[in-house]
Amino acid sequence: MREIVHIQAGQCGNQIGAKFWEVISDEHGIDPTGSYHGDSDLQLERINVYYNEAAGNKYVPRAILVDLEPGTMDSVRSGPFGQIFRPDNFVFGQSGAGNNWAKGHYTEGAELVDSVLDVVRKESESCDCLQGFQLTHSLGGGTGSGMGTLLISKIREEYPDRIMNTFSVMPSPKVSDTVVEPYNATLSVHQLVENTDETYSIDNEALYDICFRTLKLTTPTYGDLNHLVSATMSGVTTCLRFPGQLNADLRKLAVNMVPFPRLHFFMPGFAPLTSRGSQQYRALTVPELTQQMFDSKNMMAACDPRHGRYLTVAAIFRGRMSMKEVDEQMLNVQNKNSSYFVEWIPNNVKTAVCDIPPRGLKMSATFIGNSTAIQELFKRISEQFTAMFRRKAFLHWYTGEGMDEMEFTEAESNMNDLVSEYQQYQDATADEQGEFEEEEGEDEA
């Protein structure tokens, strides 16, 4: 079967990753000891996409946990599903990267990377037909961003024809942990543009807004944010884990979603997002899911899709529902909002349907959009980067680890190129008649 090797790097990556394993273990009926207690054969049918079967019918996540300090991994180990992971797959250093990309990428991380690659090889060799890798990390810190991107490029060298998929938490202005986030993020994006096939851009600011506005949580914790991320990750990977009427794997997804190799940064979304209290007051229908899923308030990246146009979209519906209705609704969205989809890619919305809904819901939908509006996110990081870099603020932390200023300049211009590529395709029309229609569409919106 088509296996995926999961890697989580750094504090953020490990926390999101741990939550992801809790959610999908629950969906597959696997308890914290790795034993199966499910009630449906469908749960086991494609279990080996994410799990290895060990002696005594134990299922072990095909996960590799990486960090440059032991702290976060200790808390994962003592967390609810800590005992399910294979002990050899915890790879950690002692020194920490101190939110410094250079330490993660060139010094501390580079020392640890070989032992991580050994574990990656071990996991890949036990696969029947390896489909690809997924990495969870953040771009603002040191380990997830610096060492995460180092791992990506090393894995890319060794497995050039496998899909590389990342869930990357972008730094956001409202939720900032460190001053040097713009540096770390820009240096990381420089790597991601070249070395990944699909990157889901997740943004703490957007997650906060969802928790606050939609879920009515007055003081959202990181646990709440990570819960949203794991719901999305679970949705994105549904097709790979359960049989469905229209299945996708990582490669099919990439083929459908990436029109130009550099433009592979997706905005994920999820529906239904309802606060815990008001769940039973809403009937979930396919039209409602579709409408909610395309709503900018449901996007996990702090960009407004109405400010750009969709190059491609993938929607994954879960639950028992009529295929005909799903198709009608998706067409309906495209027809009503045609100005927001580029007209030079016909049929640019793909739908997949899986029969098994997530726990506690009758049906749900996960949205993956490749929208030119994502440039807002890169512009934001780029502005912050430029402000600091112009004064060479904090640069000594990076040059002290052996980095060169040239590398910063290159990363900056690569990011700006990315922004202008998105802009160029946003403005492109199949013929010049398109501009008039676009203005009309804006009046309605």
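The backbone N, Cα and C atoms fix where each Cβ goes, and this holds for glycine too.
Keep in mind it's a predicted model, so treat the numbers as computed, not measured.
Of the residues E69, E288, E325, Swiss-Prot places E69 in the same GTP site as Q11, S138, G142, T143, G144, N204, N226. Checked against Swiss-Prot, the range among 1-4, 157-160, 373-376, 417-420 recorded as motif 'MREI motif' is 1-4. Annotated pair S172 (phosphoserine) and K324 (ubiquitin cross-link), C-alpha to C-alpha distance, rounded: 39 Å. With the fewest other C-beta atoms within 10 Å around its C-beta, N204 stands out among the binding-site residues S138, N204. In sequence order, Q15, I16, K19 are the residues near N226 (GTP binding site), counting only same-chain partners six or more apart with C-beta under 8 A. Ranking the recorded positions Q11, S40, T143, S172 by how many other Cβ atoms lie within 10 angstroms of each Cβ puts S40 at the bottom. The number of other CB atoms found within 10 A of the CB of K58 (N6-succinyllysine), across every protein chain shown, is 15.
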